[in-house]
Amino acid sequence: MTAREINFDGLIGPSHNYAGLSLGNLASARNAGAVSHPRAAALQGIEKMRSNLRLGLTQGLFLPQWRPDGAWLAALGTDIGDAEPHIRAAAMSASSMWAANAATVSPAADTADGRTHLTVANLVTMPHRSHEWPQTLAQLRIAFSDRNAFAVHDPIPAPFGDEGAANHMRLCDHHGAAGVEIFVYGQSGGPFPARQHVEASKAVARLHQLDPDRTLFVMQSEEAIAAGAFHNDVVAVANERVLFTHEQAFTDKERFYADLRAKLPSVEIIEVPASAISLSDAIRSYIFNAQLVTLPDGIMALVLPTEARDMPNIWGWLEQMVAGNGPIRKLAPVDVRQSMANGGGPACLRLRVVADPAHIDPRFLVDEAKLDGIAAIVRDYWPEAIAPDDLADTRLIARIEQSWLTLVDHLQLSGDLIP
Ligand code: SUG
């Protein structure tokens, strides 16, 4: 077998809730205090994985994390009963579902030692995400334990914020060929934080042993962050030789496009002008937070949120695009509304790894039958609804813990993941 794209989706955890924790993420702020539906959320995520399997794609899975994160609370000198509400909410967050923020991945074809490198993201900018990395790293070390094929790195040290693959793109002639890796960082975001620090991006590129001639560091535009694009993957997505981007995504797009064309002459840049789709509509629809994938027959498809289909100006533009002669020929809308209400679209929910599946621990790969088993556990254990005041309820906490233990046991990962 050879290297291919595998998407690892973060299964939406039983504590999924709307606590309004992410400054600069407009959906998270808009839905703060709303009642969440963890069971429906996880089933939506599973349906998305099924839909991608049916497109002929290879699918992987990351498990939700143990919540509440007692180790983090203990390090803060408290526990779930005594913690102040904002700390309690951070300790209960199911935010690891957004696997695009789990790590940055450089496929073997790009690295000097011929291994696929992964650096777990430190996520230091947002308190509720800053404690994700130890449990993420534990899963990466199991899934990618084959040291001949993979190198898994510790997080970049604070204060250099690193949000993983959400700020990283790779362009190449085909997945197995050497590519150009693009690290997008922020410098300022107007009223909102820039979460990806250039020093973190540069460190990841060095650790991954990338060729400097095939690496670009590109600044995200302040107006994009200020409009709610807290990660680059909200305004741009790449796959093989295609870059699909909003015209206002980058600070100096002319220079970026010229550098990219010089490094990869075959690149095709599909730029959506603001006159066709405003930055604000792009962010509301999450048109760019799509999985841009190559299907087995060679055409490319965009796996988009149904929100994009529901906005006539967005859908009209997309239908015109796929009817043309461009490389993107298919639109595949998926309903991930529970995640979208926290600012996480189809692309946020997955980490792309280009590798040979034979080298990956099979417990992290899924087919329809395995998803049936997981869905049955979700239906039996995941809470139906969580209101913000429920987060202190000891019965809810016990249920969340039981859900996780049942899932981990079912996937035969208890021995590895339970300390
Ligand atoms: O980090 N939302 C996530 C969404 C991450 C989306 N990921 C990508 N774009 N790749 C975030 O802002 C909201 C949690 C809350 O408010 O309860 C949250 O963390």
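Each position is counted from 1, following the chain as shown.
Cβ coordinates are placed from backbone N, Cα and C, and glycine is handled just like the others.
If you check TrEMBL, you get these features:
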BINDING   19-28, Asn101, 128-129, Arg195, Asp233, Asn342  substrate binding site
ACT_SITE  Glu163  active site
ACT_SITE  His231  active site
ACT_SITE  Cys348  active site, nucleophile
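Put plainly, the recorded positions Ala19, Leu23, Ala27, Cys348 were compared by Cβ crowding within 10 Å, and the winner is Cys348. Cα separation, Ala19 (substrate binding site) to the residue listed as 'active site, nucleophile', rounded: 18 Å. Nearest to Leu23 (substrate binding site) in space, judged by Cα atoms and limited to the active-site residues Glu163, His231, Cys348, is His231.
Proximity of the recorded positions (Leu23, Ala27, Glu163) to ligand 1: a Cβ under 6 Å from the molecule is found for none of them. Cβ contacts within 10 Å of Arg129 (substrate binding site), excluding its own Cβ and spanning all protein chains shown: 22. Asn25 (substrate binding site) has a Cβ environment of 23 other Cβ atoms inside 10 Å.
Taking a C-beta cut-off of under 8 angstroms and a sequence separation of 6 or more, Asp233 (substrate binding site) has the following same-chain neighbours: Ala100, Ala165, Ala166, Asn167, Phe288, Asn289, Ala347, Cys348. Note: Glu163 (active site) has non-local neighbours Asn101, Ala121, Leu123, Thr125, Arg195, Gln196, His231, i.e. same-chain residues 6+ apart with C-beta under 8 A of its own C-beta. Cβ environment of Leu21 (substrate binding site): Ser28, Ala89, Ala90, Ser93, Ser95, Met126, Pro127, His128 lie under 8 Å away, each six or more residues apart in the same chain.
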